[in-house]
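Enquirer: Swiss-Prot lists these features:
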{"type": "CARBOHYD", "residues": "N194", "note": "N-linked glycosylation site"}
{"type": "CARBOHYD", "residues": "N199", "note": "N-linked glycosylation site"}
{"type": "CARBOHYD", "residues": "N221", "note": "N-linked glycosylation site"}
{"type": "TRANSMEM", "residues": "23-43", "note": "transmembrane segment"}
{"type": "TRANSMEM", "residues": "264-284", "note": "transmembrane segment"}
Amino acid sequence: MALYELFSHPVERSYRAGLCSKAALFLLLAAALTYIPPLLVAFRSHGFWLKRSSYEEQPTVRFQHQVLLVALLGPESGGFLAWSTFPAFNRLQGDRLRVPLVSTREEDRNQDGKMDMLHFKLELPLQSTEHVLGVQLILTFSYQLHRMATPVMQSMAFLQSSFPVPGSQLYVNGDLRLQQKQPLSCGGLDARYNVSVINGTSPFAYDYDLTHVIAAYQERNVTTILNDPNPIWLVGRAADAPFVINAIIRYPVEVISYQPGFWEMVKFAWVQYVSILLIFVWVFERIKIFVFQNQVVTTIPVTATPRGEVCKEHLS
C-alpha cells in the first residue's frame with residue numbers, strides 16, 4: 001500500500017557553548033548587527049522623526065459683527081467717508097462719518113453645525129456730488145480649530161479695491177483662508193491671539209490707522225486673509241442711490257500644519273524602524289543557522305527529545 005505524508009513538524013536542535021566562547025561572541029555580534037543598523041538606516045534616510053504633519057479640518061468661524069469702513073471719494077468730494085462699529089472711532093471722524101445700513105447672514109449649507117459662509121451687505125448713503133472710487137473694509141471673525149491643534153483667535157478679512165471711475169456697487173466673492181508662518185502646537189488650547197484685532201476702546205486715532213492695524217496683525221504666526229475676492233466694480237449710480245458692498249465670504253476646509261506630539265513621533269519612527277528591522281532579522285537568522293549547522297564556531301549540538309519519548313524513558 002502506498003504511503004503519504006500526512007503530517008510533519010520540525011525537530012528542535014539547540015547548540016550549547018560557554019558564555020565566554022566564540023559562539024557567544026558571535027551571537028552578541030549578530031544581535032548588534034541585527035538591531036542597530038536598521039536604526040541607522042532609518043535615521044539617515046531622513047524623515048525618521050516626524051517634525052511636521054498635516055490634516056484637514058472645517059474650522060468653526062463666526063462673524064463678530066465688527067466692521068471698519070473707509071470709502072475713498074473723488075477729489076471734488078472731500079477725500080473719504082468712514083464708519084465703524086467702534087464708537088470711539090466714529091467720534092474721531094467728525095463730518096466724515098457716514099452711517100450705512102448693514103445686513104448680514106451666516107449660512108450652514110451642509111447642516112453639520114458649522115457655518116460655511118457669510119452674506120454681507122452694506123449700503124452707504126451718498127450725496128449727489130459724492131462719488132466712490134475705492135473701498136477699504138475690515139470684518140472680524142472668531143476662528144477656532146478642534147482636532148489636533150486647538151487654537152482659538154480673533155481674526156479678520158481685509159478688503160481693499162480702487163478703480164479710476166466712480167462706482168455704484170462692489171461685489172466680492174472669496175474665501176476666508178488660514179495662513180500659518182509655522183506649524184501649530186498640539187499641546188492644549190492656544191488662546192494667544194484671542195484678542196480683538198482692533199482696539200475698539202482706544203480714543204487715539206493711531207490705533208485705528210489701517211497701516212498700524214495691518215502691521216500688528218501680520219506679526220501673528222497665524223492669521224486669516226480674504227483669498228481670491230474677485231472684486232466686481234459696477235458703475236452707473238443714480239443720484240440718490242447708496243453705494244452698495246455685496247460680499248460672500250466662504251469658510252472652507254483647511255489643511256492644518258501642526259507639530260506632532262511625542263507618541264505620534266514615536267509611532268511614526270517605530271513603523272520605519274520595524275519595516276527595515278524585519279529584513280535584517282530574516283537575513284541574520286539564515287546566517288546563524290548556517291554558522292551553527294556547519295560548526296563554523298565550536299558548539300555542542302543537542303537534539304530536543306519529544307515529551308512523549310521522555311515519559312517512556314522514565315517509565316522504563
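Here the Cβ of each residue, glycine as well, is placed from N, Cα and C on the backbone.
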Enquirer: Using all protein chains shown, find which of the glycosylation sites N194, N199, N221 scores highest when you count other CB atoms within 10 A of its CB.
Expert: N199
Enquirer: Between N199 (N-linked glycosylation site) and N221 (N-linked glycosylation site), how many Å separate their Cα atoms?
Expert: 19
Enquirer: Six or more residues beyond either end and a Cβ under 8 Å away: which residues meet both conditions relative to the transmembrane segment (23-43)?
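Expert: Result: 15, 17, 269, 272-273, 276-277, 279-281, 284, 287-288, 291-292, 297-299.
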Enquirer: Tell me whether N194 (N-linked glycosylation site) sits in a helix, a strand or coil according to DSSP.
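Expert: Looking at the DSSP assignment, N194 (N-linked glycosylation site) belongs to neither helix nor strand, so coil.
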Enquirer: Between N221 (N-linked glycosylation site) and N194 (N-linked glycosylation site), find the distance joining the two CA atoms and give it rounded to the nearest Å.
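Expert: Checking the Cα atoms of N221 (N-linked glycosylation site) and N194 (N-linked glycosylation site) gives a distance of 13 Å.
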